[in-house]
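Peer 1: Among the features that Swiss-Prot reports, substrate binding site is placed at THR8, HIS9, ASN10, PRO11, ASN12, LYS13, THR72, PHE153, GLY154, TYR155, ASP156, LYS176, HIS181, ARG182. Look at Swiss-Prot and you will find GLU41, ASP71 tagged as Mg(2+) binding site. Residues or ranges marked as active site, proton acceptor by Swiss-Prot on the basis of sequence analysis: ASP71.
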Amino acid sequence: MLRLIVATHNPNKAKEIKDFFKGYPVEVVSMKELGIEEDIEEYGNTIEENALIKARFLRDKVKEGIVISDDTGLFVEYLGGQPGVYSARFAGENATYEENNRKLLKLLEGVPYEKRKAYFKTIIAVIEGEKEVLLEGVLEGHILDHLQGENGFGYDPVFFVDGIGKTLAELSLEEKNKISHRGKALLKLKEYILKRLEEN
């Protein structure tokens, strides 16, 4: 049985990963379940650095099992890759999704659709002992000039998925997970963990 420890205080993220490994000899445990309540300061300049900072923090606390952590950013080409590592706090510390979206739309006001290319990227850092691996999932699209769709969260209502003809907020959770950056990164995590199970 492999033990997978998730560096998150978000119960939804932990549950998502637990569901992902249902039926496999993998025990998924969150920080909360281990009684680790501290907030991890994300001071990295990239989402890769932030994912590693969180995973290393937890690895140093638990010293066993496989530790995973993830970070996600939205990168808009016209804005030189912004909001990127600052996606969650684009409009300021503790900004709401609505405030972040409003700031993004304001910065892109008058910019034609073909110049509004963007991509979401999720990085999952996997640490086992001294071994560190980064897994990546990317989803390409464009930023609309208005909100569209009721589902999802964050930038989902403004992110129009190339090849699907809908925003992420117009997809069901199941549809979103099949194509999303996070879904792609989680599939790579699953491949990695299943390979580890074979080695055991």
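Using the three backbone atoms N, Cα and C, a Cβ is placed for every residue, glycine included.
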Peer 1: In whole Å, how far does the CA atom of GLU41 (Mg(2+) binding site) lie from that of HIS181 (substrate binding site)?
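Peer 2: Rounded to the nearest whole number, the Cα-Cα distance is 24 Å.
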Peer 1: Cα distance, ASP71 (Mg(2+) binding site) to ASN12 (substrate binding site), nearest Å?
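Peer 2: Rounded to a whole number, the Cα-Cα distance is 15 Å.
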Peer 1: Around ASN10 (substrate binding site), how many other C-beta atoms are within 10 angstroms of its C-beta?
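Peer 2: So the number of other Cβ atoms within 10 Å of ASN10 (substrate binding site) is 12.
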Peer 1: How many Å lie between the Cα of THR8 (substrate binding site) and the Cα of ASP71 (Mg(2+) binding site)?
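Peer 2: So the alpha carbons of THR8 (substrate binding site) and ASP71 (Mg(2+) binding site) sit roughly 10 Å from each other.
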Peer 1: Measuring Cα to Cα, how far is GLY154 (substrate binding site) from ASP71 (Mg(2+) binding site) in Å?
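Peer 2: One finds 14 Å between the Cα atoms of these residues.
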Peer 1: Pairwise over THR8, HIS9, ASN10, PRO11, ASN12, LYS13, THR72, PHE153, GLY154, TYR155, ASP156, LYS176, HIS181, ARG182, annotated as binding substrate, what's the top Cα to Cα distance to the nearest Å?
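Peer 2: Farthest-apart Cα atoms in THR8, HIS9, ASN10, PRO11, ASN12, LYS13, THR72, PHE153, GLY154, TYR155, ASP156, LYS176, HIS181, ARG182 are separated by 22 Å.
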Peer 1: Using all protein chains in view, find how many other C-beta atoms are within 10 Å of the C-beta of ASN12 (substrate binding site).
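Peer 2: The Cβ of ASN12 (substrate binding site) has 8 Cβ neighbours within 10 Å.
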Peer 1: By a simple count of other Cβ atoms within 10 Å, which of THR8, THR72, the binding-site residues in the record, is least packed?
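Peer 2: Fewest other Cβ atoms within 10 Å, among the binding-site residues THR8, THR72, is found for THR8.
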Peer 1: Within 10 Å of the Cβ of ASP156 (substrate binding site), how many other Cβ atoms can you find? Include all protein chains, please.
Peer 2: 23
